[in-house]
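Undergrad: Just passing along the structure, written as C-alpha cells.
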Amino acid sequence: QEAAKYGKKVMVLDFVTPTPLGNSWGLGGTCVNVGCIPKKLMHQAALLGQALQDSRKFGWQFREEVKHNWMTMTESVQNYVGSLNWGYRVALREKNVTYENAYGEFVGPHTIKATNKRGVEKLYTAERFLIATGERPRYLGIPGDKEYCISSDDLFSLPYCPGKTLVVGASYVALECAGFLAGLGLDVTVMVRSILLRGFDQDIANKIGEYMEEHGINFIRQFVPIKIEKGTPGRLRVIAKSTKGNQIIEGEYNTVLLAIGRRCMTRKIGLDKVGVKINEKTGKIPVNDEEQTNVPYIYAVGDILQDKLELTPLAIQAGRLLVQRLYAGATSKCDYANVPTTVFTPLEYGACGYSEETAVEKFGEKNIEVYHSHFWPLEWTVPSRDNNKCYAKIICNIQDNERVIGFHILGPNAGEVTQGFAAAMKCGLTKEQLDSTIGIHPVCAE
Amino acid sequence: GKNEYDLLIIGGGSGGLACAKEAAKFGRKVAVLDYVEPSPQGTKWGLGGTCVNVGCIPKKLMHQAALLGSAIKDAQHYGWNIAQPVHHTWSVMAQAVQNYVKSLNWGHRVQLQDKKVKYFNMKGSFSDPHTIRGLTKAGKETIVTAENIVIATGGRPKYPMHIAGALEYGITSDDLFWLKESPGKTLTPFVFNVSLECAGFLTGIGLETTVMMRSIPLRGFDQQMASLVTEHMESYGTKFLKRCFPTKVEKTESNRLQVTWKNTDLRTEITDSFDTVMWAVGRAPDTETLNLETVGVKTNSETGKIIVDASEATSVPHIYAVGDITEGRPELTPTAIAAGKLLAQRLFGQSSELMDYDNVPTTVFTPLEYGCVGLSEEAAVQCYGSDNIEVYHAYYKPLEFTVAERDAAQCYMKMVCLRERDQRILGLHFIGPNAGEVIQGFALGIKCGATYPQLMKTIGIHPTCAEEITKLHITKGSGLDATVTGC
C-alpha cells in the first residue's frame with residue numbers, strides 16, 4: 001500500500017496452503033486470520049466470562065447458570081475477520097495494487113512464477129521483490145500428528161467446540177490459547193517439554209504459569225507426546241514420554257492443539273534459483289539494516305527475518321520505512337530496539353526491553369537495579385480477586401544514569417499500559433524521570 | 001517551651017497522610033489531625049480524605065460496576081448465554097464499595113500506627129503559629145504544639161445557596177457513595193467532571209439520569225474532547241438539558257423532588273420530578289474553621305484557597321499547605337501525595353527537590369473514558385499561536401467493540417505538537433476504554449521531552465488501542481479523513 005502511494009506499479013501475491021485438516025483463509029496474513037485478531041477476540045470472550053462473575057459482586061443479578069456457545073463466538077469472530085479480508089482487497093484495488101491469489105516462487109533473476117488454486121501458472125517480472133511469506137505452525141513429526149491434531153491455523157475457525165483440550169507446547173501461542181479455552185469453560189491441559197515462554201523473562205513466565213494453574217488449567221511438565229491415535233469415540237488418545245526418564249503416560253482428549261513453534265515459509269519459493277541465502281537450520285533470511293537480502297534487488301520483512309521479533313507492528317513499520325527509503329528519498333531505518341510486546345494470557349504480560357536475565361548477562365548483576373512491586377487492581381477488590389498476583393518491575397542500568405532498560409508488567413490491560421512506557425523508553429527514560437512523573441489515580445499503570 | 005511535635009498535619013487525606021508517613025521515615029515526631037464534619041445530609045466517614053472516602057476510589061468502583069453492565073451486554077455477542085432479565089441492585093454494590101472503603105480507613109490507621117505517627121480524630125484550628133486546638137466530636141479539647149504545621153484539609157462540595165431547597169433536599173458526591181438505597185431517577189445540575197462521572201455510572205447501572213448544564217461541560221479541559229465525551233454519554237442514555245439552570249427544588253406529596261428550571265435560550269420555565277438531586281457545582285476549600293486569620297495565613301480572596309509558593313510554604317514561616325486546599329494547584333490525589341512527600345523530604349531529609357506541577361496527567365472516568373496530559377488544543381494555540389502547532393488526530397475502533405457491535409463514533413485521539421524542528425509533544429488526548437492505563441506511560445514520555453518523531457519510532461503493541469497513538473499521522477490541517485482503517 002505504501003509503495004502504491006509513490007505511483008509505483010505494485011503486485012501482491014498471496015496464497016494460503018491449506019492446513020493438514022484442509023483449512024484456509026483470505027487476504028491479510030497470519031495476524032488478521034489466525035493470529036493477533038481472532039486470538040484477542042477470543043481472549044476478550046474469556047475475559048468477559050470473568051467479568052460476568054465479577055459483575056455479581058458489583059450488584060448485577062442474573063441467573064446463576066451461564067454457558068458459553070463456541071459457535072456463536074466463532075461465527076462473530078470469522079465474520080469480522082472476513083470483513084478485514086474484504087477491506088484489504090478493496091484497499092489494494094483502490095490503490096491500484098494488483099493482487100493475485102497465487103503461490104509465488106522464483107524461477108530466475110527478476111522472475112516469479114505464480115500458481116493459482118487451479119494450477120494455472122503465470123510468469124511475472126519486477127525490478128524489486130519483497131519476501132514476506134511469514135510462517136506456519138510446526139508439527140511434532142510423530143504418528144497421528146497431522147491426521148488428528150489441530151494448530152492455531154485451525155482453532156479460530158473450528159466449526160465445533162473443541163471440548164476437553166490438550167495444548168502441546170509452552171509458547172505464547174500455547175499459553176494464550178490454553179488461557180482463553182479455559183476461560184470459556186473448557187477442560188484444558190497444557191503439556192510442556194521444559195520451560196514456559198522461552199525467550200521471555202523467566203520470573204514472569206513462571207508467574208504466568210502459576211496463575212493459570214491456580215485458575216484451573218492443568219499442566220503436565222517435562223513430557224512430550226510420542227503418539228496420537230483414536231481413543232474412545234469422539235476422543236483422541238495421546239501417549240507421552242517423560243523427558244527425564246522412561247515413564248509413559250496416556251490421556252484422552254476431544255482436541256489436541258499443537259503450539260510448539262512456527263517454521264518459515266522460505267524453503268519452497270525458489271530462493272536457491274536467485275541465490276538468496278537463508279539460514280539452513282531455521283529457514284530464516286538474514287538481512288542488513290535496510291531489510292535487504294544478499295541479493296540487492298530482493299528484500300524481506302516480517303516473521304521470516306533472522307534475529308528479529310515476530311510481531312505485526314514491526315513488520316508493518318519495517319515494510320513502510322523500506323518503501324519510503326526506496327521511493328520517497330527517506331533515510332529512516334526501522335528501529336528494532338526496545339520493541340514492546342504483550343502476551344494475552346489470562347493474566348496479561350506486557351514487556352519492553354531486557355528481561356532480568358538478559359540484563360544481568362549483558363551488564364552484570366552489580367550494574368543493574370530492579371525495582372518491583374505487587375499491586376491489586378482496584379477493580380479486583382470488590383470481587384475479591386487475587387491480591388498478590390499482579391506485578392510490575394523495571395530494570396535500570398546503574399551506570400547509565402539509572403536508565404530504564406527493561407519494563408515488565410503482569411496485570412489487566414497490560415498492552416494498553418505498556419505502550420506508553422515503550423514510548424518513554426524510546427525517549428531515554430531514567431528512574432529519576434519515572435519518579436518525578438505524577439500518576440493517574442486510580443489505575444494500574446500508576 | 002519546646003514544641004511537642006516536629007510536624008503536625010491538619011487533614012488526613014491524600015496529601016496529609018503522604019507527608020506524615022514520609023516525615024516519620026526520618027525518625028521525626030509526627031501527628032495527624034483528621035476530622036470529618038458531617039455533610040448537611042449527615043454523611044460522614046473515616047480516615048483517608050476525599051479520595052478514599054468520597055472521591056476517586058468509590059467513584060472508580062461504581063464506574064466499574066457500570067462498565068460491567070456493558071460487559072454483560074457485550075458478553076452475549078461473544079457467545080455467553082445469559083438469561084434475561086439482568087438487573088442491578090444498588091445496595092449490593094454500595095455495600096461492597098463501602099466495605100472496601102472502610103478497609104482502607106482501617107489500613108490507614110494501621111499504617112500510621114506502624115510508622116509511629118500519632119493520630120487525633122479531632123477538628124483542628126490555630127491558636128498561634130505553633131499551636132493547634134483540637135476538638136473531638138464530644139467537644140473535648142486538646143492543645144498540640146509543633147515546630148512545623150501542614151494544612152491539608154482539602155475541600156468539600158459547594159451548595160448553590162441561591163436556589164431555594166438546594167440545601168434541604170439536594171445531596172452531593174459526599175452523600176452519593178454512602179447512600180444505602182438507590183438514588184433512583186437523578187438530576188445532576190452543572191457540569192464538573194464529578195457530575196459527569198456520576199451521571200455516567202448512574203446511567204450505566206440502569207437509573208434514569210439527567211445532567212443539567214448552563215454552559216460548557218468540563219471547563220478547563222480540551223473542549224473538543226469534552227464534547228465527544230458528552231456526545232457519547234448522550235448516546236449511552238444520559239439525558240442532557242443544555243443551556244438550563246435550576247431555580248428551585250421542592251418536595252412533593254409523594255416524597256419526590258420537584259425541580260424547576262429555566263432554559264436560557266427559550267426563556268421557558270419547566271418542572272419535572274426526580275428522586276435525587278445531586279449538586280456538583282464545585283468544591284470549597286475547607287478553611288473556615290481553621291482560624292487562619294489569627295495566624296495570618298493568606299488565602300486567595302476569590303477562591304478562599306491558601307496561597308503557597310513553590311515550596312508549599314504559606315505566608316507564615318513554618319506553616320505549609322498541600323493538596324486541594326492550595327491555590328493554583330490541580331485538585332488531584334497523586335499531586336497531593338507527591339507534594340506532601342517532597343515537602344517532608346525537604347523539611348527533614350536534606351532534599352531541595354521542588355514539586356513539578358507541569359504535565360500532570362489525568363483521566364475523567366466517564367462511560368467512555370478521557371485521559372490527557374499536557375496542553376489542550378486551545379491552550380496550545382493561545383500559548384504558541386495556531387501557526388506554530390500541529391495537531392495529529394485519529395478516530396479508531398477498539399477491536400473489542402467489533403464483535404460486540406458497539407458504536408465507536410467518539411473513540412478519538414489527538415496529539416498537539418510544536419511545528420518547529422524537533423516537534424515536541426505539548427499535549428496528548430485520548431478517549432476510549434482504559435484511558436488512564438493508556439495515558440500514564442505517555443505522560444512519562446512527555447516528562448522526558450518526547451517528540452513526534454520519537455513517538456513514530458516506537459513500535460506499537462498489537463492489537464491495542466494505545467498503539468494507535470504511535471501511528472498518528474493525519475493532521476487536522478490536512479483536512480483528510482482521520483479514520484483508522486485496516487489492521
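From the backbone N, Cα and C atoms, a Cβ is placed for every residue, glycine too.
Feature annotation from TrEMBL assigns active site, proton acceptor to B:His462. Residues annotated as FAD binding site in TrEMBL: B:Lys60, B:Gly124, B:Asp324. TrEMBL lists B:Gly282 with the feature NAD(+) binding site. Here TrEMBL flags B:Cys51-B:Cys56 as disulfide bond. The domain 'FAD/NAD(P)-binding' annotation in TrEMBL covers B:5-340. Per TrEMBL, domain 'Pyridine nucleotide-disulphide oxidoreductase dimerisation' is recorded for B:360-471.
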Undergrad: How many Å separate the two farthest-apart Cα atoms among the FAD-binding residues B:Lys60, B:Gly124, B:Asp324?
TA: 30
Undergrad: Can you check which residues sit near B:Asp324 (FAD binding site), meaning Cβ under 8 Å from its Cβ, same chain, 6 or more apart in sequence, and list them in order?
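TA: In sequence order, the residues whose Cβ lies under 8 Å from that of B:Asp324 (FAD binding site) (at least 6 apart) are B:Gly13, B:Gly15, B:Thr50, B:Gly154, B:Gly155, B:Arg283, B:Pro285, B:Glu331, B:Ala336.
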Undergrad: Please name which of the recorded positions listed here, B:Cys51, B:Cys56, B:Lys60, B:Gly124, B:Gly282, is nearest in space to the residue listed as 'active site, proton acceptor', Cα against Cα.
TA: B:Lys60
Undergrad: Could you give the Cα-Cα distance between B:Gly282 (NAD(+) binding site) and B:Gly124 (FAD binding site), in whole Å?
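TA: Given the Cα positions, B:Gly282 (NAD(+) binding site) is 24 Å from B:Gly124 (FAD binding site).
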Undergrad: Using a Cβ-Cβ cut-off below 8 Å, which of the recorded positions B:Cys51, B:Lys60, B:Gly124 are near chain A?
TA: B:Cys51, B:Lys60
Undergrad: Give the sequence-ordered list of residues that share a chain with B:Cys51 (disulfide bond), lie 6 or more positions from it, and have CB atoms under 8 Å from its CB.
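TA: Spatial neighbours, sequence-distant, of B:Cys51 (disulfide bond): B:Gly13, B:Ser14, B:Ile57, B:Thr333.
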Undergrad: When DSSP states are grouped into helix, strand and coil, how many residues of the domain 'Pyridine nucleotide-disulphide oxidoreductase dimerisation' (B:360-471) land in each?
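TA: Result for the domain 'Pyridine nucleotide-disulphide oxidoreductase dimerisation' (B:360-471), in helix, strand, coil order: 39 helix, 31 strand, 42 coil.
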Undergrad: Using a 10 Å radius around each Cβ and counting other Cβ atoms from all shown chains, which of the recorded positions B:Cys56, B:Lys60, B:Gly124, B:Gly282, B:His462 yields the largest count?
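TA: Sorting the candidates by Cβ neighbours within 10 Å, the top entry is B:Gly124.
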Undergrad: Express the predicted model's confidence over the domain 'Pyridine nucleotide-disulphide oxidoreductase dimerisation' (B:360-471) as a mean pLDDT, rounded to an integer.
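TA: Averaged over the domain 'Pyridine nucleotide-disulphide oxidoreductase dimerisation' (B:360-471), the predicted model reaches a pLDDT of 96.
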Undergrad: Whole-number answer please: how many Å between the C-alpha atoms of B:Cys56 (disulfide bond) and B:Gly124 (FAD binding site)?
TA: 25
Undergrad: Could you check what DSSP calls B:Gly124 (FAD binding site) once collapsed to helix, strand or coil?
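TA: The residue in question, B:Gly124 (FAD binding site), is strand (DSSP, three-state).
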Undergrad: State the three-class DSSP label for B:Gly282 (NAD(+) binding site), counting H, G and I as helix, E and B as strand, and everything else as coil.
TA: coil
Undergrad: DSSP on B:Asp324 (FAD binding site), three-state: which is it?
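TA: In three-state terms, B:Asp324 (FAD binding site) counts as helix.
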